[in-house]
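Novice: This is the structure, below, for whatever I ask next.
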Amino acid sequence: MSSSFFIKKKETPAFMKRGKNTTGPKRKVSDKAPAKKSSKHNEEISSDSEAESAQEKAGKEETDYDETPQEKKLRLAKLYLDQLKEEEEKKAEDESFETDLIAGRLQEEVLEQKGMLQRLLAKELIPPDASEIRLLRGHKLPITCLVISSDDKFIFSAAKDCFIIKWDVASGKKLHTVPGGRKGTEDRHVGHTAHILCMAISSDGKYLATGDMNNLIMIWEAETCKHLYKFTGHKGPVSGLSFRKGTHDLYSASHDRSIKVWNVDENAYVETLFGHQDAITGLDSLSRERCVTAGGRDRSVRVWKIAEESQLVFHGHEGSIDCIQLINEEHMITGADDGSVSLWSVNKKKPLSTVKQAHGCHGDAGLEQPHWVASVAALQNSDTVASGSHNSQVQLWKCGQNYRGLEPLFSIPVPGFINSLKFSSSGQFLVAGVGQEHRLGRWWRIKEAKNGIYVIPLKRKPPNPEEAKINE
């Protein structure tokens, strides 16, 4: 571009510009000659000039200077500071969100420790289709007990055939089998030689404990089912086992009416507690240094405070209390042979709620007897519990607000004696151990039943029914 374009003309007003233009949209100006804007050139050059011409017409007189290097540095510094400010604000928002999450988790843990946490899940559950229920066959005799690993990947089951089987939940295949031995082979057989009545798994999945009719407790490595220790000391069949959550302390209950405490890491016996007046039929524990037991025909439920060496006694059932399960640290569910299911608080001597004839009755007219409740289960820290009997139904129940009531949700058809029930930790499925006979005897026999493990999915309602219809 020739320099003559920038020569001054008298008839046009001058807007002086100095220095070099360092920005893209500005016009280049010679160091030697200042520039004046004319309406003629403005029409031909750029939109900047048109804007300035409009300013002239509006009568605004202001001097526009090119950006100097110092001004550019200042502008870029301001941009950088604004960018940093935005990043810090975003980071603060993320940190606030994380803090809220952590606070929420801590609050849940505090409520869990206090036994006040109640996740409302029951209203979301719907009955599964019969085709969705899986049956795992492997035991020859009735299943008596089962446990699920804390990661929900494995099921361990035991039966009257003295076998222990480890199952893979996803595939339904057997991973390990510990065979049972014949009576009289105790000295040379590694495993049980009498009916296995109970089992427990540690919360970290390291140890598996099993108890049998020969008064023995056996400790296994859960991963490989390798035999580790044998605990002796009970003078009657071992009917209940539970690991204290987060530890390797093991609580055991027996028909000899005693509770024993063991340290599995040290392969050591710790102490014995007495109080029940009849054979103990069930035991459970969570993370506190205490356990709860069902006293069978003494019709009592007891809470054992191990550290204080004290116990709390509860009464409410009219028959033998055969099963017990903790819902959280403060509440528990029990079932009895009078057909009732009761909901308890450790702060009340009587049940908060009792459902009589929870599974109906059987027998001739005028001689009806309630179906015995053989097993109960609770989805921890929730409002959902389940019970099993021999009326070919697993019954799911909803606990009322603050555990002040029990309402039936729905029943799931499962033929046979429901000898054991367990919810998975995630609440995605329920497992039922089923047999042709009751786990503690042979009072009845249901020939059409199959000795096996039923894996029952816990289906949820779609989040939005209208969306579900559209998707279908």
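For all residues, glycine too, the Cβ spot is worked out from N, Cα and C.
So TrEMBL has the following annotated:
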type	residues	note
COMPBIAS	17-27	compositional bias 'Basic residues'
COMPBIAS	28-44	compositional bias 'Basic and acidic residues'
REGION	1-71	region 'Disordered'
REPEAT	136-177	repeat 'WD'
REPEAT	189-230	repeat 'WD'
REPEAT	231-272	repeat 'WD'
REPEAT	273-314	repeat 'WD'
REPEAT	314-354	repeat 'WD'
Novice: Do any residues, 6 or more residues outside the repeat 'WD' (231-272), come within under 8 Å Cβ-to-Cβ of it, and if so which ones?
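Specialist: Same-chain residues near the repeat 'WD' (231-272) but 6 or more away: 197-203, 206-207, 209-219, 278-289, 291, 293, 304, 306.
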Novice: Taking helix as H, G and I and strand as E and B in DSSP, count the residues of the repeat 'WD' (314-354) in helix, strand and coil.
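Specialist: Tallying H, G and I as helix, E and B as strand, the rest coil: 0 helix, 21 strand, 20 coil.
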Novice: Within the repeat 'WD' (136-177), count helix residues (DSSP H, G, I), strand residues (E, B) and coil residues, in that order.
Specialist: 0 helix, 22 strand, 20 coil
Novice: Pop the mean pLDDT for the repeat 'WD' (314-354) in here, whole number is fine.
Specialist: 93
Novice: What are the helix, strand and coil residue counts for the repeat 'WD' (231-272) according to DSSP?
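Specialist: Residue counts in helix, strand and coil order: 0 helix, 24 strand, 18 coil.
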